[in-house]
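Trainee: These came from TrEMBL, pasted as-is:
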{"type": "TRANSMEM", "residues": "12-30", "note": "transmembrane segment"}
{"type": "TRANSMEM", "residues": "57-79", "note": "transmembrane segment"}
{"type": "TRANSMEM", "residues": "85-104", "note": "transmembrane segment"}
{"type": "TRANSMEM", "residues": "151-172", "note": "transmembrane segment"}
{"type": "TRANSMEM", "residues": "178-196", "note": "transmembrane segment"}
{"type": "TRANSMEM", "residues": "217-235", "note": "transmembrane segment"}
{"type": "TRANSMEM", "residues": "247-268", "note": "transmembrane segment"}
{"type": "TRANSMEM", "residues": "280-299", "note": "transmembrane segment"}
Amino acid sequence: MGQDRGRYDFYIGLALAISSSIFIGGSFILKKKGLLRLARKGSMRAGQGGHAYLKEWLWWAGLLSMGAGEAANFAAYAFAPATLVTPLGALSVLVSAVLSSYFLSERLNLHGKLGCLLSILGSTNMVIHAPQEEEITSLEHMARKLVDPGFFVFATLVIIVAVIFIFVVGPRHGQTNILVYITICSVIGALSVSCVKGLGIAIKEAIAGKSVARNPLAWLLLAALVACVSTQINYLNKALDIFNTSLVTPIYYVFFTTSVLTCSAILFKEWEHMEVGDVIGTLSGFLTIIVGIFLLHAFKDVNVSLASLAVSMRKDERASFPAANGAAVHSTYELLHESTEDADDRDTGLSFDSVSRRNGAMMSSLDH
């Protein structure tokens, strides 16, 4: 019964994670279209500190879509390990890339399609080799995990990095460097996932009839989640407003996933009982996703498709065929030229010899 229950929870978490990626991927497009409409109207842009997007219904539709995706993601973390749920966030990158090619006129070339395929294969590989997290059944157990020295040091470093980027690096380089705002969202996102996992445990206890409202940890996790999500939305808006969606989405995925995997390994000890094959499979799956994401956005401005690739190959063949013919004609001409020169030399030599012989005969007759 316990094994059947675990498999049932696995499929619930998987379905929720996939639906979450669809909602979140669509939210990027809706929010971007809202921000573009505001830019055409001449309103102060979000990247410059403006908040005119709060009056744009498309932006609110994107926010609601993201809220639905985050809710589904929230529920997925309650049923499945973070290392299973987080890699499936690559599907939001694929959804965003495909929809942006239709609604934002951002091209998805052959490299992008190969990147999407590699991202799906890498995500599948990570799901197959996903580690089993240490079972946490109560908020008291979660509280002991949160005060563990390893996680305490990790959380402190995350907060220090976020504060430095928000108050020092962001005002100087945020408008020109895409990694600044994305780093803020990613490191804060690792803490938000931990809060989501704890609240999921609290909801399960509440459904089981336990008194959760009196536990201060539940309210602390809720307040921390609101602060983290608000910070993520703010700086993600700035990144989307300044930089291309096909750049922001994949880079954010890589940074966010790396932060979450690190946080989960420290907090939930997911990697302690993994076999070598599963470790290699998980890491190779993640690297495959990174390569796919790189292909998806690094060559986005290169106009390459299967049709253009076939045409280019035919052009290369045609270019090489005349060159080969030209070389053959040139070599034939050289051979003919050399043979003609040899013949002329021989004729000249024969004529010279005959003239010499005639002159010699004449000189001998005169002597006599």
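Just so you know, glycine gets a Cβ as well, placed from its N, Cα and C.
It should be emphasised that the depicted structure is a prediction, and the values quoted were computed from it without experimental measurement.
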Trainee: Please tell me whether the transmembrane segment (178-196) and the transmembrane segment (247-268) touch - that is, whether there are at least 3 C-beta pairs under 8 Å between them, with each pair 6 or more apart in sequence.
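Mentor: With 3 or more qualifying Cβ pairs, these stretches touch.
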Trainee: For the transmembrane segment (57-79), what are the same-chain contacts with Cβ under 8 Å, counting residues 6+ beyond its ends?
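Mentor: Contacts of the transmembrane segment (57-79) (Cβ under 8 Å, skipping residues fewer than 6 from its ends): 9-10, 12-14, 16-17, 19-24, 26-35, 37-38, 85, 92, 193, 196-197, 199-201, 203-204, 229, 233.
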Trainee: Do the transmembrane segment (280-299) and the transmembrane segment (12-30) come close, with at least three CB pairs under 8 A (pairs 6 or more apart in sequence)?
Mentor: no
Trainee: With Cβ-Cβ distances below 8 Å as the criterion, list the same-chain residues six or more beyond the ends of the transmembrane segment (12-30) that contact it, or say none.
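Mentor: Distal contacts: 58-59, 61-63, 65-66, 68-73, 75-80, 84-85, 88-96, 99-100, 103-104, 127, 240, 245, 248-249.
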Trainee: Report, as numbers and ranges, every residue of the chain located at least six residues beyond the transmembrane segment (217-235) whose Cβ falls under 8 Å of a Cβ in that stretch; write 'none' if there are none.
Mentor: 63, 66, 70, 139, 142-143, 146, 162, 166, 170, 181-182, 184-185, 188-189, 191-192, 195-196, 198-199, 202
Trainee: Are there residues at least six beyond either end of the transmembrane segment (247-268) with Cβ under 8 Å to its Cβ atoms? List them, or say none.
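Mentor: Hits for the transmembrane segment (247-268): 25, 28, 81-83, 86-87, 89-90, 92-93, 96-97, 133-134, 136, 145-146, 148, 150-151, 154, 158, 178-179, 182-183, 185-187, 189-191, 193-194, 197, 236, 239-240, 286, 289-290, 293-294, 296-297, 300.
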